[in-house]
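K.L.:
Dumping the structure here so I can ask a few things about it.
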Amino acid sequence: MRIHIISPSGAIDPTYIHKAAARLSHHGHQVSIAPHACGQYGRFSGTPEERIADLQQAIDSPNIDAILCSRGGYGLVQIIDKINFSSLKMHPKLFIGFSDITVLHNALGHFSIPSVHGIMCKHITELAEEAAPLRIMLSILNDEQANKYYIKPHSLNRNGLCSGIVRGGNLSVLYGLRHTPFDLPDTDDTILFIEDIAERPYHIDRMMNNLRLSGTLARLKGLIVGQFSDCPDDPLMMKDIAHIIHDHVDKYNYPVCFDFPAGHVEYNLPIWLNRKASMRVDHEGCCLHYDEI
């Protein structure tokens, strides 16, 4: 596969880009690097104009099959409305990344283009060859679709069966996109996936209340709760984050899966977004099964 590495958000140590490129090349892929992917402009990889140019060139080039974002951080929201996605309607490409890349996943969702919430350059560089996140990502890049996941039971899970389009990503980024053209689609076919890092419990509660008050939670087909890593305790909230989320969706009847192994953690399994799947939650855990593309 012809993979192109871009840095549409934060700056990254160029060593990670070059080592990730070498590893992917070792697995038989043709890897190219965007002109400003290794740059730095404050906390960003480049000026807004440079990042727009890199992303637009990657979208429009006929010589690229997959676009790997080098890291998240912050910055995509500054440029997303300047991007022309029209060529993807005829020639979709595989986009890979997470965290701030949620902005891009949501934009692609409005064109019904499947994308992968998954590891980026640092983890591609550092993970052992047999590590599941790397192994599954490599299988996706080899067109061996990762179609089924089995997740262990959790005490807060709610049993049930549903089907819909898996959408979402980083909760804070999703919150920042509310009531913009890049918000979650206002439909009733979403299996929502959420994860986050370093957010206080009351921040999570605020964002969940936004989803509740807007009617988004009521319209879901199902909910997948990923990893909420490095989040400080807050005894004054009297609940941990898992229970805060649980209480916000407790009155609904759709299935809920907690502790899905995806997010800002080393064991970050790639998960397809903007793609139809069925989800079953029962005493054995959660089975997430994607339809064939």
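A Cβ is built for glycine as well, from the same backbone N, Cα and C atoms used for every other residue.
According to TrEMBL, the active site, nucleophile annotation covers Ser99. TrEMBL lists Glu195, His264 with the feature active site, charge relay system. According to TrEMBL, the domain 'LD-carboxypeptidase N-terminal' annotation covers 3-118. Per TrEMBL, the feature domain 'LD-carboxypeptidase C-terminal' maps to 163-278.
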K.L.:
Could you give me the DSSP helix, strand and coil counts for the domain 'LD-carboxypeptidase C-terminal' (163-278)?
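P.N.:
DSSP composition of the domain 'LD-carboxypeptidase C-terminal' (163-278): 35 helix, 33 strand, 48 coil.
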K.L.:
Please compare the active-site residues Ser99, Glu195, His264 by how many other CB atoms fall within 10 Å of each one's CB, and tell me which has the fewest.
P.N.:
His264
K.L.:
What is the three-state DSSP composition of the domain 'LD-carboxypeptidase N-terminal' (3-118), stated as helix, strand and coil residue counts?
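P.N.:
Summed by class, the stretch gives 49 helix, 22 strand, 45 coil.
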K.L.:
How far is it from His264 (active site, charge relay system) to Glu195 (active site, charge relay system), counting Cα to Cα, in Å?
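P.N.:
Answer for this pair: 8 Å between alpha carbons.
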K.L.:
Determine, to the nearest whole angstrom, how far the Cα atom of Glu195 (active site, charge relay system) is from the Cα atom of Ser99 (active site, nucleophile).
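P.N.:
Glu195 (active site, charge relay system) and Ser99 (active site, nucleophile) have their Cα atoms 9 Å apart.
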K.L.:
In the predicted model, what is the mean pLDDT computed over the domain 'LD-carboxypeptidase C-terminal' (163-278)?
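P.N.:
A mean pLDDT of 97 is what the predicted model shows over the domain 'LD-carboxypeptidase C-terminal' (163-278).
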